[in-house]
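Notes to accompany the following structure.
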Protein chains: 2
Amino acid sequence: MTYTRIDVSLAKGAYPVFCGSGLLARGDIWKPFVGTGQVAVISNNRVLSLHGDGMTQQVKAKTVILPDGEEHKNFKTLEIALDELAAMEMRRDGTVIALGGGVIGDTAGFAAASYMRGVRLLHMPTTLLAQVDAAIGGKTGVNRPHGKNMVGAFYQPVAVVCDTSTLATLPSREYVAGLAEIVKYALLGDAPFFVWLEDNVVALLAQEPTAVRHVVETSVRAKAVIVAADEHEIGDLRVLLNLGHTFAHGIENVAGYGAWLHGEAVAVGMVAAARLSEKMCGFVAADTARIIALLRRLQLPYAFPNIDTDTLLCAMRADKKHAANKLHFVVMEAVGRARTIEIDDETPVRQTIEEMR
Amino acid sequence: MTYTRIDVSLAKGAYPVFCGSGLLARGDIWKPFVGTGQVAVISNNRVLSLHGDGMTQQVKAKTVILPDGEEHKNFKTLEIALDELAAMEMRRDGTVIALGGGVIGDTAGFAAASYMRGVRLLHMPTTLLAQVDAAIGGKTGVNRPHGKNMVGAFYQPVAVVCDTSTLATLPSREYVAGLAEIVKYALLGDAPFFVWLEDNVVALLAQEPTAVRHVVETSVRAKAVIVAADEHEIGDLRVLLNLGHTFAHGIENVAGYGAWLHGEAVAVGMVAAARLSEKMCGFVAADTARIIALLRRLQLPYAFPNIDTDTLLCAMRADKKHAANKLHFVVMEAVGRARTIEIDDETPVRQTIEEMR
């Protein structure tokens, strides 16, 4: 059983992302990263029943069960996690293992970041979205009434274990939503990968293991490079990961957490970014058509839902990525070449939304 | 009007601590550290009415008022602060100014650390305890039912402004409690400063400005050196700052937050540390007597309250500074020379408590 190790290199030192099939049961690979103190596996019931057995046999740990779903990514759930860590009397030498999707990773990650001002954190993402995005790069946090991920920490894990065999049990809709973020990496910086995706839609939808591992590893590598260059999203580089996300967060805010899967909203957001790029920086319409065609074949949405334009714009303005009163967007000059722009006049954004119904 | 600048040098870069009288009104000194985005001054009503005017005139800011007192250093107050930052639509380019004592600094500091995963933070401590300890070194956090400062972040400010003129309005009990932490710096690393304190009790109790500035600056320098060497309390050095604190946290936990001022509990804890040091590493009894004499002249407590020994020991064991099942203590070999020890057998700790009633 082979696996790949991809390092995320940061100022303070690198941490590894292990990718491969069956890694949760391979304690020999990830146990060296567990500390000497107590260990808590933070997960939810569904993930534990599917993937917990092989993993929890590797290490003596207390299991902390959180409620499942984006609507529970809040302070109340964070407090459950923190109180469980306190109840087991975890010390600063303890380790939190976040086993699950993005909601578990973000919540358990923030708990690990803030419990006693920080204990060791291992991410074991079990969804495609978490493996290619959420678990890499140290963003943790919870939602607030005012917005998604409004409160959190940049807190890097000591290691990430991407066991691609866990993806087989994902609901099809969730797996497909994860593919949207993979398309994003192609669009923002890797044109040959976009072609590869166009050529391998059938293998991806069939979850052919070699294809799945290829997209996970390619995405992890892409994210690792960006995070290494701009850990705290201070420069422009990490912002590129938000391609399609201003529109996506608008959709998610208006529709309410959970109505749309994040990847689904990102898919629509990328089409919107492409159309906006046509207006702003000469992106070729034929490439927008290619993006739409790929998303459609991947069974992803590519048009806005029936939301009032002003309501959507208002939600987009509230998105935390904007400084001052300007809307910030990631646009593409071509497939594989993205950059950020500031927009004073909302007209092209409004046009984009109205064209895409 | 002169002031002193003391730099806290960290891996990521240094930040300045400005010490002097009347600095809150000296925007020319601290405004360069405020960012370009929105500014929130987080404080409480008492501090604002005493010190807010001169300071808030320096910068366009929204004022966020938190409830006063250690019993409010919790998630509920943190959420008030976070929601106010969200309501004013602060972006990542915003700045939080924490104006007040340790409770404000810790709560507002954690809010700044976690709001959008971190905005700029300036500390403007207005109590002696906060100026010499809490505001320096990046510890932020709130209390939980399971213990003090159980949840928080290491989050360094961009600058700290210690305006010693604010100390004149402190309730005498609070000012005196702050002196305990100053004695601590002398005990853990600066024997000549201990002698200086013995020689200047009258000037300190009279809040003679030169004496106050000398103790604030000496303490800030001592803490800056320790924090620079061990930012995240990974080595043994920063732990030395906990001299007397294992006993102190035990007293505070048993008595309930707010019954004892932190500095008062630390005073008793330092006497206990001295007595324990007599048993464990040859600390001279005559020096324990000097410590007691100094604390008594400073009007600080130096004996345990009427708490059951087992209850106190249990609370001390729960203190977060302990790893595994061993009690960790900071002991002194002499005045000005401290180190950490692990204790397996609690007998000398128990004896110490029982001797000190």
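A Cβ is built for glycine as well, from the same backbone N, Cα and C atoms used for every other residue.
Features reported for this protein in TrEMBL:
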- B:64-175: domain '3-dehydroquinate synthase N-terminal' (DOMAIN)
- B:68-73, B:102-106, B:126-127, B:K139, B:K148, B:166-169: NAD(+) binding site (BINDING)
- B:178-321: domain '3-dehydroquinate synthase C-terminal' (DOMAIN)
- B:E181, B:H245, B:H262: Zn(2+) binding site (BINDING)
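Location within the structure of each feature annotated in TrEMBL.
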residue: B:D68; record: NAD(+) binding site; DSSP (3 states): coil
residue: B:G102; record: NAD(+) binding site; DSSP (3 states): helix
residue: B:T127; record: NAD(+) binding site; DSSP (3 states): coil
residue: B:T166; record: NAD(+) binding site; DSSP (3 states): helix
residue: B:E181; record: Zn(2+) binding site; DSSP (3 states): helix
residue: B:H245; record: Zn(2+) binding site; DSSP (3 states): helix
residue: B:H262; record: Zn(2+) binding site; DSSP (3 states): helix
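Among the binding-site residues B:D68, B:E71, B:E181, the residue whose Cβ has the fewest other Cβ atoms within 10 Å is B:E71. Cβ contacts within 10 Å of B:H262 (Zn(2+) binding site), excluding its own Cβ and spanning all protein chains shown: 27.
Residues belonging to the domain '3-dehydroquinate synthase C-terminal' (B:178-321) score a mean pLDDT of 93 in the model.
Taking the mean position of the Cβ atoms of B:E181, B:H245, B:H262 as the Zn(2+) site, the remaining residues of that chain whose Cβ falls within 8 Å of it are B:L129, B:D133, B:A180, B:K184, B:G244, B:A248, B:G263, B:A265, B:V266, B:G269.
Note: the Cα of B:T127 (NAD(+) binding site) and the Cα of B:H245 (Zn(2+) binding site) are spaced 19 Å from each other. The distance from the Cα of B:G105 (NAD(+) binding site) to the Cα of B:H245 (Zn(2+) binding site) comes to 19 Å. Other Cβ atoms within 10 Å of the Cβ of B:G102 (NAD(+) binding site), summed over all protein chains shown, number 23. Sequence-distant contacts of B:T166 (NAD(+) binding site), defined as residues of its own chain at least six apart whose C-beta falls under 8 angstroms from its C-beta, comprise B:L24, B:L50, B:H51, B:T126, B:T127. Closest to B:E181 (Zn(2+) binding site) by Cα-Cα distance, out of the binding-site residues B:D68, B:E71, B:G102, B:T169, is B:G102. Around B:G105 (NAD(+) binding site), a 10 Å sphere centred on its CB holds 30 further CB atoms from the protein chains shown.
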